[in-house]
Amino acid sequence: MVSLTTSEVHPTMGVKTFSAGISACLADIITFPLDTAKVRLQIQGEGQTSSTIRYKGVLGTITTLAKTEGWPKLYSGLPAGIQRQISFASLRIGLYDTVQEYFSSGKETPPTLGNRISAGLMTGGVAVFIGQPTEVVKVRLQAQSHLHGIKPRYTGTYNAYRIIATTESFSTLWKGTTPNLMRNVIINRTELVTYDLMKGALVNNQILADDVPCHLLSALVAGFCTTFLASPADVVKTRFINSLPGQYPSVPSCAMTMLTKEGPTAFFKGFVPSFLRLASWNVIMFVCFEQLKKELMKSRQTMDCTT
């Protein structure tokens, strides 16, 4: 009997989910300062966040934060970010192939674009609902400032969960689910599908082998396309999640307030750090994801051969 090679053995759902979660956590740790800079730029210009400190550009925001609030502030909210990736990315990315195969109904032909989009929408929707509380806590910890003697709303991750649930309501932990769902519908539909299509085009046309350079280029292209399309929903999501009770009656109200007071460019605030963060996050996550899947399947094959 001829055994399958490692490249021919498809990773199990468990391997994909585990690999996605670990890879996403690693990517988040490395790129978190960019995410914090993005949040600060996105909320800049709001009434409640107006201050004498103005952030300019990616490096300017990072250095200003480090000088005025200390380097640790760049990683404020990281525990919630890690929790988010464990509950969110592991499902959104890890289950993508499995759901895609389900929509393909076991056909031997490659999945259609519709199958890929449907898989991205389903995994993204489930992941947003499960991971939304971690998103709320992460954004609020990143947004709060310790300047001018202002007492912070929250002293830490678990304190934030408790304060939000007890002083606002338990349902507030799911605040901003609608714009976050919109954002992740765009991200999943663009990021995973673009990465999938780009990787397939490079490999099938024998431009690049299915290895690190191919994964790197595919991730960069997916990152740019995703950032451009998802930026408006991302800014509205951040503003709405970070808002005080009653500040914005609804998500459309938040969007209209931004448009009338700050203009259409407000929807692209923080675009550069958002792209740098998402592109670098994509590169780290997808490259680690692909390599980790391969190594885990190699280990599994080795164990199967010895038993």
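Cβ from N, Cα, C; glycine included.
According to Swiss-Prot, the features are:
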type     : residues : note
TOPO_DOM : 1-10     : topological domain 'Mitochondrial intermembrane'
TRANSMEM : 11-32    : transmembrane segment
REPEAT   : 11-102   : repeat 'Solcar 1'
TOPO_DOM : 33-73    : topological domain 'Mitochondrial matrix'
TRANSMEM : 74-96    : transmembrane segment
TOPO_DOM : 97-116   : topological domain 'Mitochondrial intermembrane'
REPEAT   : 111-201  : repeat 'Solcar 2'
TRANSMEM : 117-133  : transmembrane segment
TOPO_DOM : 134-178  : topological domain 'Mitochondrial matrix'
TRANSMEM : 179-195  : transmembrane segment
TOPO_DOM : 196-212  : topological domain 'Mitochondrial intermembrane'
REPEAT   : 210-295  : repeat 'Solcar 3'
TRANSMEM : 213-232  : transmembrane segment
TOPO_DOM : 233-266  : topological domain 'Mitochondrial matrix'
TRANSMEM : 267-289  : transmembrane segment
TOPO_DOM : 290-307  : topological domain 'Mitochondrial intermembrane'
Remote residues contacting the topological domain 'Mitochondrial matrix' (233-266) - C-beta distance under 8 A, at least 6 residues beyond either end: 39, 42-43, 45-46, 48-49, 135-136, 139-140, 143, 168, 175-176, 178-180, 182-183, 186, 274
Segment-level pLDDT (mean, integer) for the repeat 'Solcar 3' (210-295): 90
Interface-richest range of 74-96, 179-195, 213-232, 267-289 toward the transmembrane segment (117-133), CB pairs under 8 Å: 179-195
Chain residues outside the transmembrane segment (267-289) and at least six past its termini with a C-beta under 8 angstroms from it: 19-20, 22-24, 26-28, 30-31, 34-35, 37-42, 44-45, 57-58, 61, 89, 93, 191, 195, 212, 215-216, 218-220, 222-224, 226-228, 231-232, 234-236, 255, 258-259
Sequence-remote partners of the topological domain 'Mitochondrial matrix' (33-73) [C-beta within less than 8 Å, at least six residues beyond its ends]: 81, 139, 142-143, 145-148, 234-235, 238-239, 242-244, 247, 261-262, 266, 269-270, 272-274, 276-277, 280
For the repeat 'Solcar 2' (111-201), residues assigned helix / strand / coil by DSSP: 76 helix, 0 strand, 15 coil
Tally of residues which DSSP labels helix, strand or coil - the repeat 'Solcar 1' (11-102): 70 helix, 0 strand, 22 coil
Three-state composition of the repeat 'Solcar 3' (210-295), taking helix and strand from DSSP: 73 helix, 0 strand, 13 coil
